[in-house]
Amino acid sequence: MKNETSFLKNPFFISWILALLFYSLEYAIRSSPSVMIGNLQTNYDTSSTEISSLISAYYITYSITSLAAGLFLDRYGAKKPVFFGILVLAIGCLLFGGSYYDVGYAGRLMQGMGSAMAFPAAVYIAVKAFSGKNLATAIGITQTLGMLGGSAGQKLSNSYLSSGNSVSSIWIIFGAASLILALLALLFIPKSEVSENHEKQKNIFDNYKIIFSNPQSYLCGLISGLLFAPTTIFAMIWGVNFLQKTRNISLESATVACALVPIGWAIGCPLLGWIADKIKRRIPVIVGGAILMAVSLLQLSYLPDLVSENISFLFLGIGSGAAMIPYSIIKEVNPDKVKGSAAGAINFLTFGVTTLLAPLFSKLFGSKLTIGLNDNSLLQHSLLFFVIGIFGTVIISFFLKETGNVKPAETN
């Protein structure tokens, strides 16, 4: 029993809890704007298309900063990067709560920049807090609670705004919570010994050269990005608004439906990962998850009375758990020495896809939403946009190297 609970006495255990809170908070901040598009339109006095661009700006800095997050952690340890990451997130929230569009846009960019530190930091600290036996479980908990934070962010934000509170005040609350968490991180995360060897840092940049010269890395990022897109673009940005205006359902019901996508993801990610390990095959599980997503979206589009929106979105989320499998593959198709950098690389590629697709979706479908009241065809066409991308991942996956049955020479 002593060995099983020894991690509780590890000073990095509290640090991991703080990193876990950081990751959950940033996911709540990432997803919350989806339930307040109308409020943000009024606050900034602009169109829904402009608000979509504002919300999507998060992914621009999130994807780019993901590359640097691991470098900062390796160079400085967890204490300073986590503190500054949360601090930048807090400032971004406070700026986003203002009434000037350009200031809000800068705030959203800062939110993405600060948030990019959350998951890499949680993994970095987990390595120090847990033994190898408990490490995978700790990382799985981190991923799951992050998505649950996204779901909670949508539900709680909707309840708060429905009570008559202003949209500005909720971002002040997010900012204040982030500042408190930043202070706790500064107080409780211990300093860790880090290498001052600049040659080693130089080699880290060389790692990215290796990763980005491997075509398989791009396939991993493209597959993951296309499978994440229905969550990041639809469920976390447009979904609530689309369901309200094309299906004429209440804000509360639309919020619950979209919030079930991250809950489904929290189920699907460990479940599909377990299946992939059990059958020792990665590609069939990716294809299976993609098919489940496509069927869920097609049912929602063309057979809406078959099951409720809640069930459709839950299964969409479960299927999207397959988006995490390429995170394992990219480490397996690249040399062992670059596995740490591979996580930052695929985050960059995955959310780079969101950065490119979000404005395209907004232009093609979001701009028509105001004239598409009770227009089910608009919802059908918008969801087909994602179905096409999902079927694209099925085709791309056949060019991906199967790594599930390969026994690595070295494990992390």
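Residue positions begin at 1 at the first shown residue.
The backbone N, Cα and C atoms fix where each Cβ goes, and this holds for glycine too.
Listed in TrEMBL:
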- 12-404: domain 'Major facilitator superfamily (MFS) profile' (DOMAIN)
- 12-31: transmembrane segment (TRANSMEM)
- 51-73: transmembrane segment (TRANSMEM)
- 82-103: transmembrane segment (TRANSMEM)
- 109-127: transmembrane segment (TRANSMEM)
- 134-150: transmembrane segment (TRANSMEM)
- 170-189: transmembrane segment (TRANSMEM)
- 218-242: transmembrane segment (TRANSMEM)
- 254-276: transmembrane segment (TRANSMEM)
- 283-304: transmembrane segment (TRANSMEM)
- 310-330: transmembrane segment (TRANSMEM)
- 342-361: transmembrane segment (TRANSMEM)
- 381-400: transmembrane segment (TRANSMEM)
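Within the same chain, the transmembrane segment (51-73) stays apart from the transmembrane segment (254-276): fewer than three Cβ pairs sit under 8 Å, each pair at least 6 residues apart. Listed by sequence, the residues of this chain that lie at least six past the ends of the transmembrane segment (170-189) yet keep a Cβ under 8 A from its Cβ atoms are 14-15, 18, 21-22, 25, 28-29, 32, 36, 78-79, 82-83, 86-87, 89-91, 93-94, 96-97, 125, 157, 160-161.
Contact between the transmembrane segment (381-400) and the transmembrane segment (283-304) is supported by 3 or more Cβ pairs under 8 Å, counting only residues 6 or more apart in sequence. Same-chain residues lying 6+ beyond the ends of the transmembrane segment (12-31) with a Cβ under 8 Å from its Cβ atoms: 58, 78, 82, 85-86, 89, 93, 111, 114-115, 117-119, 121-122, 125-126, 128-130, 138, 141-142, 145-154, 156-157, 174, 177-178, 181, 184-185, 188-190, 235-236, 262. Taking every recorded stretch in 109-127, 254-276, 283-304, 342-361 and counting its Cβ pairs under 8 Å to the transmembrane segment (218-242), the highest total belongs to 342-361. Within the chain carrying the transmembrane segment (254-276), a Cβ under 8 angstroms from the stretch's Cβ atoms is held by residues 27, 31, 34-35, 140, 143-145, 147-148, 150-152, 154-155, 158, 230-231, 235-236, 239-241, 243-244, 247, 282, 285, 288-289, 309-310, 312-322, 324-325, 328, 404, all 6 or more beyond its ends. If you count C-beta pairs under 8 angstroms between the transmembrane segment (310-330) and each of 109-127, 283-304, 342-361, the highest count goes to 283-304.
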